[in-house]
Amino acid sequence: MQVGIDKMSFFAPNYYLDMVDLAHARGEDPDKYLIGIGQSEQAVLPPTQDVVTMGANAADQMLTDADRADIQEIIFATESGIDQSKSGAVYVQKLLGLNRYARTIELKQACYSGTYGLMQARDYVTLHPEAKVLVIASDVARYGLETGGEVTQGAGAVAMLVTANPRIATLNQDNVFMSDDIMDFWRPNYSTTAVVDGKFSSNVYRDFFKELWERYQEQNQKTLVDFEAFVFHLPFTKMGLKALRDVLPEVSESKQTALMDAFEASRVYNKKIGNLYTGSAYLSLLSLLQNDASLQAGDDIALFSYGSGAEGEIFSLTLQPNYQDVLLTQQLPDLFKQREKLSIAAYEEMFNAGLTSGQDRQLDMTHDSAKFVLTGLQAQQRQYRKQ
Ligand code: COA
């Protein structure tokens with residue numbers, strides 16, 4: 001029996017920042033951001049959205065009533081959780097009307113935990129073939145105003161439904177993974193922004209990738225030739241490009257061109273959304289599936305997941321017949337058409353506008369038309385609404 005991703009869906013907030021505007025405001029050459037970093041726009045989180053509402057908004061768009069009843073586990077991967085104790089999964093369960101007899105859990109290991117969630121889902125369904133597992137990777141990437149990491153911020157959520165006989169892609173049992181205690185990026189409990197050694201984290205990312213790729217090839221007797229595309233965790237899209245370039249010399253020039261074309265398709269959406277932390281590699285997978293017309297059923301895709309701190313994993317997926325029919329292909333193009341561009345001043349105000357204290361507060365809802373919204377705080381309880 002095959003197990004894998006049966007449905008995928010995405011949500012990002014309705015606001016964005018143009019990286020050319022940001023470059024001008026920060027005294028940088030726009031090409032540094034557009035080419036050197038590989039980002040053109042960045043999703044900006046309004047106070048009325050958080051990881052819970054973004055996760056609910058993503059998952060809701062793909063779930064039928066039958067799915068809601070059949071889901072046995074809700075796995076919520078994030079490194080920007082809204083509570084130190086209660087999981088985001090429990091809130092999502094209620095907002096979406098999901099099965100009461102389901103497990104709910106939140107996972108954390110920087111940008112990596114969505115992959116752990118996906119593999120936990122695969123293993124559970126392998127043992128319980130009738131089950132469906134909902135995996136949500138939802139995050140807001142915050143480095144701070146006027147920091148080196150500011151250009152690599154972003155926000156959004158990817159939701160995936162894992163089942164037997166999946167319609168998008170099977171998850172092959174070929175994973176290799178590794179972890180090491182490394183201080184390249186972390187966020188202490190007292191801080192709402194990450195502490196990061198950006199250059200060091202980029203180097204660790206590449207080192208993990210190279211070590212794991214060698215291990216993957218040894219353990220699975222496969223090489224780059226066996227894959228139509230390599231999908232990467234993309235904290236900024238140049239990062240994946242650097243990793244891909246490290247291994248491209250292993251194949252012929254024509255194969256290098258094909259893999260580069262696939263890579264370009266895999267970063268179309270990430271360039272305009274920014275970093276999603278846990279969801280980043282899966283947004284890239286979505287971008288590949290929706291923007292690479294040369295892919296076919298039966299094609300194998302490799303995926304590299306990385307989370308600072310640090311943990312990495314490589315595994316492969318196999319595309320299923322008519323996978324295109326299941327994709328929600330209009331989600332991102334529609335978002336890009338309708339979302340509102342912010343001025344630098346409006347972005348800076350929004351950046352500092354979230355719920356930062358335990359005081360009762362009613363948020364201004366007039367600008368958020370998403371189905372699930374955060375309306376404020378009452379008696380220290382976050383108030384969510386379906387509208
Ligand atoms: N035109 C084209 N490219 C330009 C340029 C220009 N005018 N000016 C600079 N660049 C290039 C640089 O050559 C460099 O390319 P390279 O990385 O291939 O050498 C790139 O733009 C970035 O420039 P750099 O000076 O290194 O940027 P920075 O000091 O501002 O730091 C990060 C960039 C990514 C380290 C920083 O944004 C960061 O810390 N981000 C968060 C951490 C992160 O995401 N880590 C990833 C691992 S999980």
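Every residue, even glycine, has its Cβ placed from backbone N, Cα and C.
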- Listed by TrEMBL with ASP29, LYS242, ASN275 as binding (3S)-3-hydroxy-3-methylglutaryl-CoA, from among TYR143, TYR384, is TYR143
- Taking only the CA atoms, the spacing between ASP29 ((3S)-3-hydroxy-3-methylglutaryl-CoA binding site) and GLY148 (substrate binding site), expressed in whole angstrom, is 14
- Candidates ASP29, GLU79, GLY148, HIS233 (recorded positions) with CB under 6 Å from ligand 1, in sequence order, are ASP29, GLY148
- Message: Check the DSSP secondary structure of CYS111 (active site, acyl-thioester intermediate), expressed as helix, strand or coil.
- Response: strand
- Kindly state the mean pLDDT of the domain 'Hydroxymethylglutaryl-coenzyme A synthase C-terminal' (180-248) in the predicted structure. 97
- Which number gives the other C-beta atoms within 10 angstroms of the C-beta of CYS111 (active site, acyl-thioester intermediate), all protein chains shown included? 30
